[in-house]
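Asker: Look at TrEMBL and you will find Asp188, Asp616 tagged as active site. The UDP-alpha-D-glucose binding site annotation in TrEMBL covers Lys158, Glu159, Asp188. The Mn(2+) binding site annotation in TrEMBL covers Lys381, Asp405. Look at TrEMBL and you will find 1-16 tagged as compositional bias 'Polar residues'. Residues or ranges marked as region 'Disordered' by TrEMBL: 1-21. TrEMBL lists 52-77, 89-108, 690-713, 725-748, 760-787, 808-829, 841-862, 874-896 with the feature transmembrane segment.
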Amino acid sequence: MPSLQSAPNMKANGSPNGDPDGSAVWLKEYGGGDDGNGLIRSKQDRPLSRKISVPAAILAPYRLLIFFRIVVLGMYLAWRINDKNEDAIWLWGMSVICEIWFTFSWLLEQLPKLSPVKRTAELAVLIDKFETVSPQNPLGKSDLPGIDVFVTTADPDKEPLLVMANTVLSVLAADYPAEKLACYLSDDAGSLLTFETMAEVASFATVWVPFCRKHDIEPRGPESYFSLKKDPYRNKMRTDFVKDRRRMKREYDEFKVRINALFDMVRWRSDAYNACEESRALRRHRELHGDEPIERPKVPKATWMADGSHWPGTWMNSSPQHTYSNHAAIVQVMLKSPSNEPVQGKNEESRCLDLSGVDVRLPTLVYVAREKCPGYEDNEKAGAMNALVRASAVVSNGPFFLNLDYDTYVCNSRAFREGMCYMMDRGGERVCFVQFPQRFDGGDPSDGYAGYTNVLFEVNMRALDGIQGPVYLGTGCLFRRMALYGFDPPPPQERHGGCCCCCDPRKPKTPGGVDSDEERQDFRREDEKILSTYRKRFGNSASLIDSIPMAEFQGRPLADHPTVKYGRPSGALAVPHDPVTQSMVADAVSVIACSYEDKTQWGRRVGWIYGSVTEDIVAGYRMHNRGWRSVYCVTSGDAFHGTAVINLTDRLNQILRRATGFVEVFFSRNNPLFITPDMKILQRFAYLNLSMYAFTSLFLTVYCLLPVLCLFSGQFIVQTLSVTFLAYILILTVTWCILAMLEIRWSGIQLVDWWRNEQWWVIGGTSACLAALFQGMLKVTTGIVLSSNRTKRSADGDESTEPHGLKWAWLMIPPITIMLVNLIAIAVGVSRTIYSSSPEWSKLLGGLVFSVWVLIHLYPLAKGLMWRRSRGKMPTVVFIWSGLIAITISLLVVALHSPSGDHQIGGSITFP
């Protein structure tokens, strides 16, 4: 894999005594000052971000307690192995195997949490360095690099158009230079409804974006803004805000009506055009054949655009070459690239707002529908993202791009700038992506299904940020284009030459300063070799290959400090950019063709990796494996908001999809056990924990059934409840609780979030993860792929739970069975002990505590099932099968392990 090498070290006039760790705090916000030690903080010395470590009063005991618990776990397992339960050796053996696995899993989960950190971005410094007047930038134009934003949608029937439109509008209104921002919408369905929605978005953006800039609106998605429950007039100083807001609300209501009417409008238009085509065909046929009785000529039921032409994508009435899996490539520039100079609005009577003194430029907006043909794998989201990467490279070629799901809108307009602080900071050239936390609208306020995943974002991601960086989570992520192209990061040591092999690093010239003929031939052969390598990797598009060195150069931080080894001069990007031309659009169409990826490394070593439903985890893993690092960016206000998981079906489908992908990763060449030394050991543990996540479900399911076996058989996992056993259990439980309290302290989550996460570890492990393990193993061994559920969402938040493919209801059978057999076992165990002539209360107590522990963890599932049952949503067959399985297991256990005697309930059962 080629490496991004150093360019000649370009130094500015900054102080040579700068703080290399990027954590210095300056005394004066503008202009520097003395820090008390004689060190002057100049403009070049100020970092764009700061790392805030967890206080030692919390972190030191947290680490100490982890190592103490590791020692106690080792001692406990050694004691358990040596102290066998001869009366129930089978019960002892199963429990010991499960506990060994749980210890191993806990180590993989806990060790990466040893060095959690927090970060903060310095927006004032970013503006001062990149957007203020300087000798290198005398006009004060923006020197920030460009950002391409990718919004993906797959099916307008399942993904509401209005939700997607709000996401695109929030991107267009983001607080980033309009000439440096481009938004690309990927329509994998090739639907005319999505295309015309984008046309409506482009029209509505001409008033919505200036309105946001004029009044500093937050959030900048119109639906979320007009739905705010807080006072919208607070902190608004302009006297015309009330009038503008009222008019904008009316404009948005009209916009929603037009979006909701698109389906009927397109259908009526197509019916009218098709009727005219049928009449025209019938007239021509009669002119040729006279009045002879003939069959009515067949005319394809096409879908028509507003200009009277056939839609080249998917038709409403499927036709060859116009279906979801077979349609042409489409690239349409909805909003052309803006001018480089601000364009001030005017107070025109024809417009609904007074935009005097407001910059009315809009970012570039491009609609993209990649080509699909029979015989070519579409690779779902990974294929769509790779198509966007190539199309954007030949159109705007932003050195950074941000990917968002269709329902993930921009909630903090300054989030793009905060992410850029980490990319442009000292050492930022080694950052492959900046992951933002995912926040959600709606959902259960108590988060009964752990759908907000606060533990993942506030605990695990912060912890990984202290190692090599967080994992990529599929949305809300700002990427460095060169990292996703498969290049290695710049080496820590300084090298001379070009930034990468595409930048033509050459040998020193002859003493006279002129290349000899032999050197020129060497250079020519080297250029041809590089070009050949790039064609094999990226394809034959000359525009795409030419864009690579430009993207690398524009993505460098400023060379304004001696510690910046791979920088660019200040003001290099404050120059006019090239407008989008027809040739660019034609090149974009060619690179999203089905056959373009043939004999290239797209999907294998370049871009999003194919072959897994968790393409996001694999893509981030590949970059970390090459030595890149990532950053977790928690903004002052939530950066992005998505749609929350609001019911049991969505949550289980989410777990099922993730866990299936993890099984695929474990059995692929992306297994974290086979990685390069460039990945840190604790980062390796984190990825290994993810890849083995689903395997824990086997041991967890068995462990949840152990109390049933204990209560039915009258035995326990140990011979007796000895003082040693109770002491170990007490120590492990107390240390577990203290660790949880310390995690809550340094992460800022609530206790209820932590407890919900523990409950859903059990619920998911005994339901969706168990099915995912079977599904993943089936795919790996036989190649059979079982489709998982997709939930249809409507714009108003209603949910349809109609199953597709793998019936979600059957996922409920294992946990429901576990709950039922535990309840039956409690009743049998208590009754048997009460009526026994020699009751063993200690073993009953152990089994009862064990069983109650299982039921408490499964309580949210039981609550959700009862709610669905009350609404008539839960299929009765699930309860029937679960009850039959529970009764069968209970009878088998009683028959095999019932004690002898006539005075006990459940005496010997004789099978005929």
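Heads up, the Cβ atoms here are built off N, Cα and C, so glycines get one too.
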Asker: Is the transmembrane segment (725-748) close to the transmembrane segment (52-77), in the sense of at least 3 CB pairs under 8 angstroms with a sequence gap of 6 or more?
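Answerer: In contact, yes.
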Asker: Can you give me the Cα-Cα distance between Lys158 (UDP-alpha-D-glucose binding site) and Asp616 (active site) in Å, rounded to a whole number?
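Answerer: The Cα atom of Lys158 (UDP-alpha-D-glucose binding site) is 22 Å away from the Cα atom of Asp616 (active site).
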Asker: Let me know how many other Cβ atoms fall within 10 Å of the Cβ of Lys158 (UDP-alpha-D-glucose binding site).
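Answerer: Looking across every protein chain shown, the total is 16.
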Asker: Quickly jot the same-chain residues contacting the transmembrane segment (841-862) by Cβ under 8 Å, restricted to those at least six beyond its ends, or write none.
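Answerer: Here the qualifying positions are 448-449, 648, 704, 706-708, 710-711, 714-718, 720-721, 756, 758-763, 766-767, 812, 815-816, 818-819, 822-823, 825-826, 829-830, 833.
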Asker: Tell me which of the recorded positions Glu159, Asp188, Lys381, Asp405 ends up closest to Asp616 (active site) in space, Cα to Cα.
Answerer: Lys381
Asker: If you measure Asp405 (Mn(2+) binding site) to Glu159 (UDP-alpha-D-glucose binding site) at Cα, how many Å is it?
Answerer: 10
Asker: Near the transmembrane segment (690-713), which residues from the same chain, at least 6 beyond its ends, have a CB less than 8 A from one of its CBs?
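Answerer: That would be 88, 91, 94-95, 97-98, 101-102, 105, 108, 471, 617, 658-660, 662-663, 665-666, 671-672, 762, 764-766, 769-770, 772-773, 776, 814, 818, 821-822, 824-826, 828-829, 843-844, 846-848, 850-851, 853-854, 889-890, 893-894, 897-898, 906.
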Asker: Non-local Cβ contacts of Lys381 (Mn(2+) binding site) (under 8 Å, 6 or more apart, same chain)?
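Answerer: Set apart from Lys381 (Mn(2+) binding site) by at least 6 residues yet with Cβ under 8 Å, we have Thr152, Ala154, Asp188, Trp608, Glu615.
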Asker: Would you count the other CB atoms within 10 A of the CB of Glu159 (UDP-alpha-D-glucose binding site), including those on all shown protein chains?
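Answerer: Total other Cβ atoms inside 10 Å, all chains included: 20.
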Asker: Give the number of CB atoms, excluding that of Asp188 (active site) itself, located within 10 Å of its CB.
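Answerer: Asp188 (active site): 22 neighbouring Cβ atoms within 10 Å.
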Asker: Where the record says Lys158, Glu159, Asp188 bind UDP-alpha-D-glucose, what is the longest distance in Å from one Cα to another among those residues?
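Answerer: That value is 13 Å for the farthest Cα pair.
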Asker: Could you tally the C-beta atoms, other than its own, that fall within 10 angstroms of the C-beta of Asp405 (Mn(2+) binding site)?
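Answerer: Other Cβ atoms found within 10 Å: 23.
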